[in-house]
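If you look up TrEMBL, you'll see 1-26 marked as region 'Disordered'. For 1-11, the entry in TrEMBL reads compositional bias 'Low complexity'. Residues annotated as domain 'CRAL-TRIO' in TrEMBL: 22-230.
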Amino acid sequence: MATQSPWTSLLSPPPSVTPEAKPPLTQDQEAKLKCLIDHFGSPDYALPVKQHAEEKTPIGDREMIYLEGLTKSTIESADSLLGPPNNTTLQSKTGKNLALGFSNKGQPILTFFVYMLERAKDLMCAGVTNTFVIFNWAGKKSGPSLPLSVIKSTNHILSSYYPETLGLSVFQGMPWIFKTLINLVWPFVDPVTKKKVSFGSLEGAELVKEGVVDPSQLLKEAGGNVDLPYDHATYWPALLETCVKIREEEEQRWRALGERQVGREEKLFKRPIPTA
């Protein structure tokens, strides 16, 4: 019998997690949602695409952005996750890219990124729609230290292309120069973003003390009890195999729901929170 990777248990949330309850939709939101479902879910709806049209029109900016995106990326499938090594594999060897453990709300804890954000979304259970992100300057990882430009770029990507995917972003043990820069711009940050950002010490004890994360789900260097030195040879295969398994099981549940339906809630086919 194959030995289970020590990382595997931390890639599923403990039974004790409780996803944050989403506020009910307002009457206006309900009406708009129904309008969208009725429009795109109508049997008579057809995409406004004319095949083999003789008339040629200039390509707009939105179409160009879409085409550029197609040329720079491939459609990601469950099979492609286990494909040949790529740049993400090289980055993960530094130990800076981790999706490991869960907050008490069931949010996958993400320690730096975009590829790992997608893997964190794979790990989400039903009722969980965002992540818990940690930027930590502690520990001894190989490779250069994290520059401020990367953090700014990462937060821009999150806010622009992954709206509402960021549940809470925690900055631990920030160098004084970063603190100074943030203090200068902090008064101009909008209230919604401020609620999603937290600053902690190098040890990260605040996360456990405030009941945000159970220590069994948090790396020791970030304030938890998980004393598991990063080993790419065991972590990376465990992560990808877990994500592939979750995707395949969710696809089976989705197909079992019957005919495709516009407006179907993800929680109907997302993996459930494990029971004790």
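Here the Cβ of each residue, glycine as well, is placed from N, Cα and C on the backbone.
Keep in mind that this is a model prediction, so the values were computed, not measured.
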TODO: For the domain 'CRAL-TRIO' (22-230), would you mind checking the mean pLDDT of the predicted model?
DONE: 72
Open item on the list: Can you break down the region 'Disordered' (1-26) into helix, strand and coil residue counts using DSSP?
Closed with: 4 helix, 0 strand, 22 coil
